[in-house]
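Visitor: Quick one: the structure is below, questions incoming.
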Amino acid sequence: MNEKAKQFIKKRTSVFIALLVVFCFFLLISAFADGFNFWSPWSADFNSRTLKVEQASGVTSVISTEINENFKAVRFSFSIIIILIVGVIGSLMIWELFTNILKNKPKLSLSLTLLNAGIIIFGMIGTFVVVYFYKWNATVNGIWTLSFTLSVVLLWIIYIACMSKTRIKFSLQLSYSLGAIACFIASIGTIYFSVIRGWTTIFLLMSLAVSVDTFSFLFGKRFGKNPLIKISPSKTWEGAFFGIISTIVVVALLCVLYSIPFFVAKPTFNQTNGIALNTPQNYDSHNLITNIFLIAFISGGSSFYIYWWVSTLALIFTGSVFAIGGDLFFSYIKRLISIKDFSKVLGKHGGVLDRFDSSSFLISFFFVYHLIAGTISNQRLLMEPNTYFSAITSIQS
């Protein structure tokens, strides 16, 4: 190996270590911001909450609530740090995208970047003010969902309107704006999963993205013969297939490890007349499956455990497909504008968007899934912490 190759590997390794340290710091802050799940530092005794059982319309709900009200201000403070970190990263992704698309309009690219940053940062700070210090009820949830939807539509219109001043074809305007929208939704989703659903949730999602990227590359390089798509000949059907299968196995194993009630006290219920015996809490001690896959909203009772795993594996598969789709989509955009990397912000690793291309589609998918599933089920609101449901018709006394 010559000196140039050694320097290249050294620089890539240095950047990788730096990114890993930043991600670990991000997880730490996420843990400090999260007082909702059993792994939170603010629940070190594992008994600083109560699980209340409610029953209505034949459905038994087990609701986890935080007892110590003093932690709200602390959690809110750390949530702001999460918002700022994600806001900066998301804005860098938008800036890299539009800087390459609108090459002769740097001021316009900067304006679009600042617009995104403003909506993400101030919008989510306002959201968490309500979450922590007021009541997140159905009315607020409806207003937030409508506001989020209108923001996405408005941003999409603004993106296309700005690009219409150039000679970019309308079909390409739609593609470019879709990439920007994915970055925006992924930023909101990352904040949501990190703070409301906990650091274990965002860790599992990022593990899914890294796993499918890594295994697809390794298997594709070794066994790949059939290109997945012409714009990216290095990605093959063989690599994608083995990448998805390997990811399903890896993430399923992580789910199994998370389901082990390690350092988690037996849930206590503030009812003396009995408890719902067949609740998701019995299978999901760390709230992980409920947080990410929302299977508890779909099925309950005696068939819940089997249905839980079948649905979970199906969603891991779907998420893996979206991750590969994000990688291919942004490769397509780079091919259209004739660039290798979106920027050199991360040196030999390229730009921020080059590192989070697959994650942007993956997290966007899961966030929209949460938004839709919560609305359709009409059981747990989007910003409500860890509420469990089982379709049980009676509570045993």
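The backbone N, Cα and C atoms fix where each Cβ goes, and this holds for glycine too.
Residues or ranges marked as transmembrane segment in Swiss-Prot (evidence: sequence analysis): 13-33, 78-98, 114-134, 143-163, 176-196, 199-219, 244-264, 288-310, 317-339, 356-376.
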Visitor: Taking the transmembrane segment (199-219) as reference, which of 13-33, 78-98, 114-134, 143-163, 317-339 has the most Cβ pairs under 8 angstroms?
Guide: 317-339
Visitor: Under 8 Å for C-beta pairs, could you tell me which stretch among 114-134, 143-163, 176-196, 317-339 has the largest tally with the transmembrane segment (78-98)?
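Guide: Per the Cβ count, the answer is 176-196.
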Visitor: Of the stretches 13-33, 143-163, 317-339, which racks up the most C-beta pairs under 8 Å with the transmembrane segment (114-134)?
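Guide: Ranked by Cβ pairs under 8 Å, first place goes to 143-163.
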Visitor: The transmembrane segment (317-339): which same-chain residues, six or more beyond its ends, come within Cβ distance under 8 Å?
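Guide: Here the qualifying positions are 97, 100-101, 172, 175-176, 178-179, 182, 205, 208-209, 212-213, 216, 228-229, 231-232, 235, 240, 243-244, 247-248, 353-354, 357-362, 364-366.
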